[in-house]
Amino acid sequence: MKQYLDLIKKIIKNGNSKKDRTGTGTLSIFGHHMKFDLKKGFPLITTKKCHIPSIIHELLWFLRGETNIKYLNENKISIWDNWADKFGDLGPIYGKQWRSWDTSNGKKIDQIKNVLKQIKEDPDSRRILVSSWNVGEIDKMSLAPCHILFQFYVLKKKLSCQLYQRSCDVFLGLPFNIASYAILIHMIAQQCNLQVGEFLWTGGDVHLYKNHVELAKKQILRIPKKLPELIILKKPQSLFQYSFEDFKIVGYKPYSLIKGKISV
């Protein structure tokens, strides 16, 4: 994925030194856009190894509407452990907002079910979107959502999606985010009897943490390999009935892992 490496190079060359919530410090740019044609391969970076189970299980966890790390830990996934309280709770983060957004009149909105209904019944709608940025509950979340809004677009029986990410950890987080939403597009396309189209990614504060810069410089020396292919082995009756075993990624031959420290 040359686009990803080009972004790293851009930040290293033009990034602004900024302070951040974690105290680590970043090199940051404001505003960046990338587009991935999902027909040309599954957009999982090859210039370092990514932990595929973490990507898939996290997405399934979001879709379950869960906000406790119990499911993740049962599947040996620890990517949210640093933000959980002693009971494993994270507050009303992504899963809660996707599946059970609280309204002022006491009702709950399942944004994912609404999206599925709209794609099937009104595919030309300009309102097929999901928001995680619930202003009234941000302070209750252990971590404010980074990828905050995604919108679907149907054209000629192909499903595309654009994501807006307000804050992006390019070295550790972005490869996961791109792959996760690509999987989601494949899942929803399958459920709605559509083909996959494009994934468009737009970032706000797009940054490298300063303790990742030298690691990123090592990564950009690697030449990207052919993208793998995502295969969904069966079609469940519902978007919410997929399991980890339903996904197979073929032809993924990445370079070795480059491990970076996460900033909490």
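Note: Cβ is positioned from N, Cα and C throughout, glycine not excepted.
As written in Swiss-Prot, here are the features:
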ACT_SITE  CYS146  active site, nucleophile
BINDING   ARG21, ARG126, ARG127, ARG166, SER167, CYS168, ASP169, ASN177, HIS207, LEU208, TYR209  dUMP binding site
BINDING   HIS51, ASP169, SER263  (6R)-5,10-methylene-5,6,7,8-tetrahydrofolate binding site
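In the three-state DSSP scheme, ASP169 (dUMP binding site) falls into the strand class.
Counting every protein chain shown, the number of other Cβ atoms lying within 10 Å of the Cβ of TYR209 (dUMP binding site) is 23. Just so you know, the Cβ of ASP169 (dUMP binding site) picks up 24 other Cβ atoms within 10 Å once every protein chain is counted. Spanning the listed (6R)-5,10-methylene-5,6,7,8-tetrahydrofolate site, residues HIS51, ASP169, SER263 have a farthest Cα to Cα distance of 18 Å.
Around SER263 ((6R)-5,10-methylene-5,6,7,8-tetrahydrofolate binding site), taking its Cβ as the centre, 18 other Cβ atoms fall within 10 Å, counting all chains. Between HIS207 (dUMP binding site) and SER263 ((6R)-5,10-methylene-5,6,7,8-tetrahydrofolate binding site), the C-alpha separation comes to 12 Å. Here SER167 (dUMP binding site) comes close to CYS146, GLY204, ASP205, HIS207: these same-chain residues lie at least six apart in sequence, with C-beta atoms under 8 angstroms from its C-beta. The separation of SER263 ((6R)-5,10-methylene-5,6,7,8-tetrahydrofolate binding site) from ARG21 (dUMP binding site), Cα to Cα, is 9 Å. For HIS51 ((6R)-5,10-methylene-5,6,7,8-tetrahydrofolate binding site), the nearest neighbour among the binding-site residues ARG127, ASP169, TYR209, judged by Cα separation, is ASP169.
Counting every protein chain shown, the number of other Cβ atoms lying within 10 Å of the Cβ of ARG21 (dUMP binding site) is 10. Annotation for the binding-site residues ARG127, HIS207: lowest Cβ count within 10 Å of the residue's own Cβ, ARG127.
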